[in-house]
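For reference, the structure discussed in these notes is given below.
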């Protein structure tokens, strides 16, 4: 930490991380309890670990504790989610009943049943048990404990922003303004702040992924050292026990390690390979071992969500050609030679871009359509600036082909991992599975794109940086006002 304070790069990284924390903390106060997607299930997992020292997922228990279920009922949860006109009990008799309900003693340890998130590894929930128990020891009710775990998510969101700045600083050495712009664009991205203000394992996954991108970028620029090998391995290991989706970026990271190790002298290769493999594999082995011997909680538990919708109709089961077609349509304009599996000619626009602009709550409110139109204009300018940066810096990019290949494989792997269950879920239910947060392991690359746009502006770089950060701040303020109007007006 002392070394961070002694360099301008380190101080800027800490400042960006602090901004990320503060933005997420602000969101955690604005968002009503349990109004982040799947937040009741994530909090129930934390509560089960904190009260019984076992993960959620038992077939013999109810999914939510009596305490949490009563709080959800008093909050009017069922009438609020999916209903843009639904409001919580913030005044009058309903507010009094809410305070009375959360103040009454009910069991917090009789939940732990199987839910859509119970198959996930327990790392985030173990971390969440710490603020949960601290708030409980201080006499906090269930909503106080929820807010304490939300604070952990905000810290993780700030940690992700911190590593994203350092990642960009390695990609563009000496371009601190560009790196800060990219990191702050992430910090003020409304969907990033919204998720960072709620209880969700995605926050730990995002932080681990950002740390992994930083470690790889630093190693490609400076060479793989023992410290970097340990750090990269720890980021992989932490990510693997944060959320299963993280596995999508692991093949690319392994490819990066293989390239980096091949560049080492022969005598160093085995030692640094072992240094990276140890912290990458040990957390997963510990989790699997505990799941098999103590917790009865394994990697293959499908959870409730995977069972939703039952089987598919005869003749309409998943096929390899269907998987490929669905993957293509999820991220690219639909090719003429594939079946139309997702409504819309450019499904990615509806699935990803509109959500990137803002799709809040339980995906039940968003910006007016003109905001999406304005966002398209902003992105066209950014793409043009990035294109100029690529043309000007094509010689430097050519020298970093191997590194860019690694990032491309990480992107490819994650998109495939997301598309597989999305395709099966759409066949089963006819509904969309994808949510923007599934792409958050790639936030570092988004920050890098923004930084490249600043670089592409040439001598106008500082002015463009100010404009980008200003737009990002306005975007998140608009989103906060929209959220306040949605839940409290």
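For all residues, glycine too, the Cβ spot is worked out from N, Cα and C.
Because TrEMBL annotations are produced automatically, they should be read as predictions rather than curated entries.
Lifted from TrEMBL, the feature list:
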TRANSMEM  12-31  transmembrane segment
TRANSMEM  122-139  transmembrane segment
TRANSMEM  151-172  transmembrane segment
TRANSMEM  192-217  transmembrane segment
TRANSMEM  224-241  transmembrane segment
TRANSMEM  247-265  transmembrane segment
TRANSMEM  272-295  transmembrane segment
TRANSMEM  370-392  transmembrane segment
TRANSMEM  404-423  transmembrane segment
TRANSMEM  435-454  transmembrane segment
TRANSMEM  466-488  transmembrane segment
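Long-range contacts of the transmembrane segment (12-31) within its own chain (CB-CB distance under 8 A, at least 6 residues past either end) are made by residues 4-5, 147, 150-151, 153-155, 157-162, 164-166, 169, 176, 179-180, 183-184, 186-188, 192-194, 196-198, 476, 480, 483-484, 487. Ranked by the number of CB pairs under 8 Å to the transmembrane segment (247-265), the listed stretches 122-139, 151-172, 435-454 are led by 435-454. Sequence-remote contacts of a segment are chain residues at least 6 beyond its ends whose Cβ falls under 8 Å from one of its Cβ atoms, and for the transmembrane segment (122-139) they are 42, 45-50, 55-56, 145, 147-149, 151-152, 199-201, 203-205, 238, 241-243, 283, 287, 297. Listed by sequence, the residues of this chain that lie at least six past the ends of the transmembrane segment (435-454) yet keep a Cβ under 8 A from its Cβ atoms are 37, 160, 163-165, 167-168, 171-172, 175, 177-179, 181-183, 185-186, 189, 191-192, 195, 200, 202, 205-206, 209-210, 213-214, 239, 245-246, 248-249, 352, 355-356, 359, 363, 381-382, 385-386, 389-390, 407, 410-411, 414, 418, 461, 464-465, 468.
Scored on C-beta pairs under 8 angstroms, the neighbour of the transmembrane segment (466-488) with the top count among 151-172, 272-295, 370-392 is 370-392.
Most Cβ pairs under 8 Å to the transmembrane segment (272-295), among the stretches 151-172, 192-217, 224-241, belong to 224-241.
Sequence-distant contacts of the transmembrane segment (370-392) (same chain, six or more residues past either end, CB-CB distance under 8 Å): 353-354, 356-358, 449-450, 452-458, 464, 468, 471, 478. Distant neighbours of the transmembrane segment (151-172): 9, 12-14, 16-25, 27-28, 127-128, 130-131, 178-180, 182-184, 186-187, 192-193, 195-200, 203-204, 206-207, 209-211, 213-214, 217-218, 220-221, 443-444, 447-448, 451-452, 455; these residues of the same chain sit at least 6 beyond its ends, with a Cβ under 8 Å from one of its Cβ atoms.
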